[in-house]
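Sequence annotations record features per position, and here TrEMBL assigns transmembrane segment to 12-34. The feature domain 'DUF1214' is assigned by TrEMBL to 82-181.
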Amino acid sequence: MRRSIREFTSSVYTILLVAYAVAGGAALGLYSAYRVVESEFAFGVQQAGPWHVHPQIGTRAIDPYTRASLARSADIPLAAGEGLTFRANTDSLARPLRSDCVYSITGTTPSARFWSLTLQDASGRLPDGWQNDRFATTSVRITRPEDGALRIAISPQPRAGNWLQAPDGGFSIALRLYDTPASGTLTRFTAEMLPEITRVECPE
């Protein structure tokens, strides 16, 4: 009798252990999937200095986690052949972008028929008052010096030349290239191919 009770208890204990392991594994898997979906396109992302880009985001090769993240955010990426979107949340020294600092965007951009540069809030959305064009510019709107270099200032207060107003709080920068040869290809982007984001001054 006692042996039967011990065998029954052992069987129940084993079943409980198996059920606990299965439940724990399922919970861990669901949590991992949730974190991936909540993150900003963790798979297939290329880092080039402060900029990151997902070259396959507008193609059929997009991974299911990124597809779910897009559906959750309602973001519509550029399709393959239309262009690419580069994003930056930090300056070129990996410091988070701050609205009370002054930044200079200089250098070059990959070849494209047209590009736009937009400031967004920390969540990647357009800031309040975006209709006033203080938070965005394009390749046909900026003025260039004689050497043809790209120079754009980002600061809380207006500045001479090409200027964008830093949104309140932390912010990010989106550089969209339209009709670019690099779209949908296996191009490996480097920091030298994209503009540098330099912090010029910042209050302590």
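Note: Cβ is positioned from N, Cα and C throughout, glycine not excepted.
Automated prediction, rather than curation, is the source of TrEMBL annotations.
Confidence in the domain 'DUF1214' (82-181), given as mean pLDDT, stands at 89.
Taken through DSSP, the domain 'DUF1214' (82-181) splits into 3 helix, 44 strand, 53 coil.
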